[in-house]
There are 2 protein chains.
Amino acid sequence: MESAIRVNLPESAYEIAIAPGNLERLGPMMAQLKLGKQVLLVSNAAILRRYGESAIASLEAAGFTVATHLFPPGERYKTLASIQKLYDTALEHRLERSSTMVALGGGVVGDMTGFAAATWLRGVNFVQVPTSLLAMIDASIGGKTGVNHPRGKNLIGAFYQPKLVVIDPNVLQTLPTREFRAGMAEVIKYGIIWDADLFSKLEASPRLDQLRYLDPGLLQTIITRSCQAKADVVGQDEKEAGLRAILNYGHTIGHAVESLTGYRLVNHGEAVAIGMVAAGQLAVEMGLWSAECQARQLGSIQKANLPTQIPSFLDLDAIADTLSTDKKVQAGQVRFILPKDIGEVIISDRVSRDTLKQVLAQMQA
Amino acid sequence: MESAIRVNLPESAYEIAIAPGNLERLGPMMAQLKLGKQVLLVSNAAILRRYGESAIASLEAAGFTVATHLFPPGERYKTLASIQKLYDTALEHRLERSSTMVALGGGVVGDMTGFAAATWLRGVNFVQVPTSLLAMIDASIGGKTGVNHPRGKNLIGAFYQPKLVVIDPNVLQTLPTREFRAGMAEVIKYGIIWDADLFSKLEASPRLDQLRYLDPGLLQTIITRSCQAKADVVGQDEKEAGLRAILNYGHTIGHAVESLTGYRLVNHGEAVAIGMVAAGQLAVEMGLWSAECQARQLGSIQKANLPTQIPSFLDLDAIADTLSTDKKVQAGQVRFILPKDIGEVIISDRVSRDTLKQVLAQMQA
């Protein structure tokens, strides 16, 4: 089982290599790209302990000199202050423009390393080695990098493309179940917005809630098809001028729920699951898609054991207000991505605050 | 007198508009670009006091809503901490992706505003209104943005292109003479690296040391030809892969001198003047260009009343060491831009440390 996806962008094309055992092939794969000899491997302590040795051995065997930098784990360290420490390490090891920062970790490590790579010396090389399902199929593809502002997630960042994305599904075996499910929320999203056939495959699987119940072939398919969906969309709209907005399906309300729960109680995937249910329900109310489709969406989300209700303690007005500070707001109007059919969504700025409040009220636990 | 230069880049083309009185035309010019209504005008207190009213009146008359943010003046505030405060203002005024940050000021304001524009919401619109000669002909063109790291200048940054550059030569009337001369150093640089005819025009002018001795036609020519030279080079090499390096003529040793004098005693243009003399002398020693050409270069630098010697208190070993931490170092080898003829330079990594030390020693006051 081995897949390679090419992400085609006007100024930079790169490959996503997906195969069990890829971590041991990191060095040779990078060697083909004609990068400078110096690598700064960025990770966190827990991930480095598990996978650092393989990655470093592979890089050194391929002739790279490897320094490491560790971020403290978790979203709350996704700050400019953490980036400044990474800059210090980069300076200490005298990284040059031809040097490469390699992100070994989940979405937080990838987003921060990418932003540092984008902004150190006005841009050094960047390679992604995502270790969570969410990072593999979403964060590592498409060039969005950044950190949080105290008052909003990912408000500070840059579009910056990696030179290579290396995915080794074997590393998912140590991923906590809750994080696996969070990734599955984005897989379901790709089924709804882009790939009806992927959605059917998910429906055909008896369970989606734990890695060990998944057929290894299905896992490879899930990762590959999800990456392909994202690469297709990003390839057509790198800078989020239009089409790329559909990737935010479930994210508009999802971000608000995440933000209002302090990015801790509800994780990103769980928030997206809630957001997809809400978007689907809005679409039902507006006559855009059928109750049957909404039931199929709900079924797959429940099969992944993801939440479908808004936590009871959340203030619904606060959710509506938070939406208007989202960075995708245009001319003050919140844009929603709404489903039309399995595999097809539309972008709408015609959701009334009344309909929104009504749907949110229905969904509160 | 009115010139317009088009900077052609693969993904973004933009115009540099040069004419006396342009500050009053800022609003209408920006209105043609179909930007969002919201503008964040970024400047410092002294510049805003002088030119803010014209700029804001013009923007508001064209239908824009204008908020302002002030940086403290000077290179020592060119830090990530200053950028964070700008982010706070951007959040406070709810800037959207279609909003525009307008930099009204010199190179420091432009570099910082550009970096904030590049990284807020992963990129908002950016317009440059440079108010110093140096910023007009150099910093505002080419998309280099950034801030300093405590241990090195411009180590943190991004390539990010403006949507428009608006130059009003009238504002130079209030520019301090020392800053005017600093800009003149870069003008002379364009003559040496790219435009022999511009260099001849400089030689034909009786004085180059103060604006009031310059013919207004010559001023318009100097700005236009300098911008054109930079636009030509940047248009052929946006990301500094090759040709663009020639813009660093005089900057390799110049940066070291600036850095070792704490960015205060010697300003950027003065450091570049010293660096050009040094590069020229290296080229003479290496048999690349003639003593006559070096004398012509020296003559124009002296006519602008710019320094040509290395301050006596600087340690020459420290200069040589500082060169090796420059961000343009490749594979540990310092690359110099050396003149071959008036209007032509080459890139060389064959300067020995001995020759370098010898030239530096000759040049010490």
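Using N, Cα and C of the backbone, Cβ positions are placed for all residues, glycine too.
In TrEMBL, annotation is done automatically, which means it is predicted and not curated.
Among the candidates B:His149, B:His268, the residue that TrEMBL annotates alongside B:Glu186, B:His251 as binding Zn(2+) is B:His268. Taking H, G and I as helix, E and B as strand and the rest as coil, DSSP gives the domain '3-dehydroquinate synthase N-terminal' (B:71-181) the counts 47 helix, 32 strand, 32 coil. When secondary structure is read from DSSP and collapsed to three states, B:His268 (Zn(2+) binding site) falls in the helix class. Checked against B:Asp111 (NAD(+) binding site), the binding-site residues B:Glu186, B:His251, B:His268 differ in C-alpha distance, with B:His268 being the nearest. Using CA atoms as reference points, the binding-site residues B:Glu186, B:His251, B:His268 were checked against B:Gly107 (NAD(+) binding site), and the closest is B:His268. Taken through DSSP, the domain '3-dehydroquinate synthase C-terminal' (B:183-329) splits into 99 helix, 1 strand, 47 coil. B:Ser132 (NAD(+) binding site) sits 12 Å from B:His268 (Zn(2+) binding site), taking the CA atoms of both as reference points.
There are 26 other Cβ atoms within 10 Å of the Cβ belonging to B:Val109 (NAD(+) binding site).
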